[in-house]
Structure formats: C-alpha cells, structure tokens
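Database features, via TrEMBL:
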{"type": "DOMAIN", "residues": "41-459", "note": "domain 'Major facilitator superfamily (MFS) profile'"}
{"type": "TRANSMEM", "residues": "33-53", "note": "transmembrane segment"}
{"type": "TRANSMEM", "residues": "119-137", "note": "transmembrane segment"}
{"type": "TRANSMEM", "residues": "143-167", "note": "transmembrane segment"}
{"type": "TRANSMEM", "residues": "179-201", "note": "transmembrane segment"}
{"type": "TRANSMEM", "residues": "213-232", "note": "transmembrane segment"}
{"type": "TRANSMEM", "residues": "274-297", "note": "transmembrane segment"}
{"type": "TRANSMEM", "residues": "317-341", "note": "transmembrane segment"}
{"type": "TRANSMEM", "residues": "353-370", "note": "transmembrane segment"}
{"type": "TRANSMEM", "residues": "382-409", "note": "transmembrane segment"}
Amino acid sequence: MNKNAFFGCICDLRRAINSSLDNFQLSVTLVPFWTSSRFGVTIILFFGWFYIFSIRVNINMSIVCMVNHSAIGVNDINDGPFMWDRTVQANILGAFLWPYAILQVPGSILVTKYGAHKVFGCVLLLSSVLTPMIPVLSRVHYIGAIVLRSTLGALMSVTFISFQYILGRWIPVQERSRLSALTYAGLESGILVTYAMTGFFCEHGFDGGWPSIFYIHGILGFILSVFWIVFIRDTPEKSKRISDEEKKYILDNIPIKDESTDSLKKTKIPWKGILTSVPVYAIIVVLFASDWAFLFMGTFVPTYLDDVFHFNSQNNGLISALPSIPLLVVTLLTGPLSDFIQNRCLSRGNTRKLFTVLLTSLDIVCSTILKRMFSGHSKPAMIVPAFIMVGLSHVDCSSPELAIVLLLLCNFMRGFRYAGFLENALDIDPRYAGVIFGLANIGGSLAGYFSSVVVGSIT
C-alpha cells in the first residue's frame, strides 16, 4: 500500500467514525433510551418474570418447612405440620409443570388472537387470588395443594408466549439481546429473592411461618397486574405514552411490518411452516436438554441441602439462593455481549450457536452431577471429562462449603442460554415467536416434570 492510499484509508475511517458519532448523538437526542417507552416495557417484563418465577419456586423452599420429616422417618431439624412422603412431595413439586406443558399450544393461540395485554393481565389477577389459597387448601388435604399448583401451571402456560409476543413488537433488532437479557434477569432475581425470603419467613413469618410467603406473593401479583394493565400495550401503535420519534424508530427496526391494530383475531398461524421447520425442532431439542437441568436444579437444591447437610430453614433459603447470583450476573452480561458480537464479528445465527454450545456442554454435566448427588451415590456413573463432576460426586455432609462452590460453578454458564437459543424464536419470525416457543416449551416443561417424578421415585 502506497503512502497516499494509506492516508486515504485513515481519512475514510475518520469520516466513518464521525458519521457514527453524529448518528449516535442524533439517536440519543430523538430516541432516548433510559426514559423511553421500550425501556419501561422492559422493566415491567423484568418484574413480570420476577413474579412468575417467585410463585413458581416458592413451594420448592416452603415444602422443606411444611413437611414433618421426623414423622416420615427422616432426621431433620426442620419439622412442619404435614406428613407427606417423598412421592407426595414430588407430586406437589411437579404439579405445576404438566398443565403448563400441555397448554402451551392453546396458550399460544390465545395470545396470538387476543394479544398479551389482555391474556397475561387476566393471568396475573387470577394468580394473585389463587396463590394465597395454597396454605388454606394444604391444611385440608395435600390434593388441594396439587390442584392449586396445577391450576397456576395452567395459567402460567402463556407467560413465555406473552413475553415473546411483546418483545417481538417492542424491541428493535439491534437492541434485542441486551433488552431480552434484562427481562430474563427478572427470572433469576425472582428465584434468588424468593429462596432467601422463604427461608427467612419459615422461621420468622406469620401464620406459622411458611404460609406468609404465599400471602406476600398474592399481594405482589395484584400490584403487578395493575401496572401491567395500565402501562403495557401489545404494540407501540396502541400506546398513548410513546413519542412519535420512538414509535418510528421501533417500527423501522422490527421485522413486523404488516400487522394492523385490528388484525389480531384474523391472524392465521402458519402451522405447516412451523411444524416443518428444522430450526424449530432444534430449539425444541435444546430446550428439553437445558430445562431438564435448569428445572431439576431449581426444584431440588433446597431439598438436597436439607437432606444432606440439615441446614435450618433460614440458612437453607440463603444458600439455595446463592447459585442464582452467578447466573444473574452472566445473564446481564451476555445480552450486551451478544449484540456486540453480532455487530462486529459473527452473524446472528452463529452468535446464537456460540452461546448455546457454551450452555449445553455444562448443562449436561451439571444435570448428571446433581442426580448422582441427590441419589446418594459416591462414585460417578458416567465418565465425563470435567473436574466438577468428580468433585461433586464425592461431596458428603462434612463438606458443605465445597458443595456450595461447585453448585455456583454449575450455574455460572447457564446464563448463556438467554443470549443463545432462547432468542431464536424471535429471530425466526417475531410475529409467531410465541407459538414457536410454546411448542418448544412443551418438551422443556415435561423435562422438568419427569425429573421431579424420577427423583421422587428413587429417593
């Protein structure tokens, strides 16, 4: 390269940088981010995930305080009023998942026809009424707890679908990963806070301790439903609070161009195209594998810590919450990182594959590890080239610190799923992302249910 050509490249680069800075400043001036409507929608979705997973996992920790372990032949310092054996406990823990799984497709049709604003708003109101009833019916018979948990699972079957529906219509493509990751951070935050709160209220709450967490979640659900109904709209066109500049910015940067405000009920779902799509089946397979580990860990870590290490309720809650911290941090970091990689290095598809490979490799290892831990074996049943499996498979009741560290390591990499395959449904077609993810979530939910049943039958 001669001298003139070199300086010519430098000048071109300088002009490109100046142009980018000018465009950025113009974008910030006309379409602010932190005070924007789309950021407000993202925050409400964050608290939506927070609440949904709070009521989804509150029973996982509460059941440690609800069961009279001494009466069923288990030595434990946490004794509650109910004489529920392992099978009953597993059925209660898994009751949420089977209706949640089988209603994914009907739920996706419902959201597609009537919109997420109405459907999920009704779900929030109903769940805020049903959740405080769990302590009442549990004291009558354990079947009451199973029925209520199943009903909540049925209602929550529209959650992922509704949120994918909103994200596909509100979030510009270039901001999709970072804002989606921020909403999913509410999921991990809900698990983190709920485990810690439940452990505390088991010992210091009202009405016997453990029931108080269900009453609190009922109140939170009602408050959130008000915010959802008042502030959330299905599309930017339907919002009265959005500026014209931001509305144009969003509509110019989302793939959905032909959806009028009155066309929801006339929408025809392209079932043939969806059911014959290879990428759709790839999402289904990966979600099944990922959720087997994700839901297994979320459901049984409190029980594992109680059975093996006999922590009191408050310490159990705090320690059960700890694995969510690295997962939350990774979730918040992977969104901006994914957008950066897509803009600078890889295509969107290859970026999703990168994060999914990082996720699934460790998910498989961690699922195997925890099953071996929970079933009480001292040697690994599979040869897995990972030191973490070898370490955890030999942890006993004298080494709780080591178990906690390895549990943290297990959760660390799982945050990559939020910048990986969980975004693929929006990439394929944001109009029908809820339907696509609803199909995939059938397998994921069944994986969680059957892992609960298997553990209940072998422990």
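Every residue, even glycine, has its Cβ placed from backbone N, Cα and C.
TrEMBL annotations: computationally assigned, not manually curated.
Keep in mind it's a predicted model, so treat the numbers as computed, not measured.
Tertiary proximity for the transmembrane segment (179-201) is limited to same-chain residues at least six positions away from its ends with a CB under 8 Å from its CB atoms, namely 38-39, 42, 45-54, 57-58, 60-62, 65, 163, 167, 171, 209-210, 212-213, 216, 298, 302, 313-318, 320-321, 324-325, 327-328, 331-332, 334-336, 338, 415, 418-419, 422-423, 426. Counting residues 6+ beyond its ends, the transmembrane segment (119-137) has Cβ neighbours under 8 Å at 48, 51, 55, 59, 107, 110-111, 144-145, 147-149, 151-152, 155-156, 158-159, 162, 207-208, 210-211, 214-215, 217-222, 224-225, 228-229, 232 in the same chain. Within the chain, the transmembrane segment (143-167) has long-range Cβ neighbours (under 8 A, six or more residues past its boundaries) at 41, 45, 48-49, 52, 55-56, 59, 91-92, 95-101, 103-104, 106-108, 110-112, 115-116, 119-120, 123, 126-127, 130-131, 133-134, 136-137, 176, 179-180, 183, 232, 234, 425-426, 430, 433-435, 437-438, 441.
For the domain 'Major facilitator superfamily (MFS) profile' (41-459), the mean pLDDT of the prediction comes to 77. Sequence-remote contacts of a segment are chain residues at least 6 beyond its ends whose Cβ falls under 8 Å from one of its Cβ atoms, and for the transmembrane segment (33-53) they are 120, 124, 156, 159, 163, 166-167, 170-172, 175, 179, 182-191, 193-194, 217, 220-221, 224, 227-228, 231-232, 236, 239, 241-243, 246, 250.
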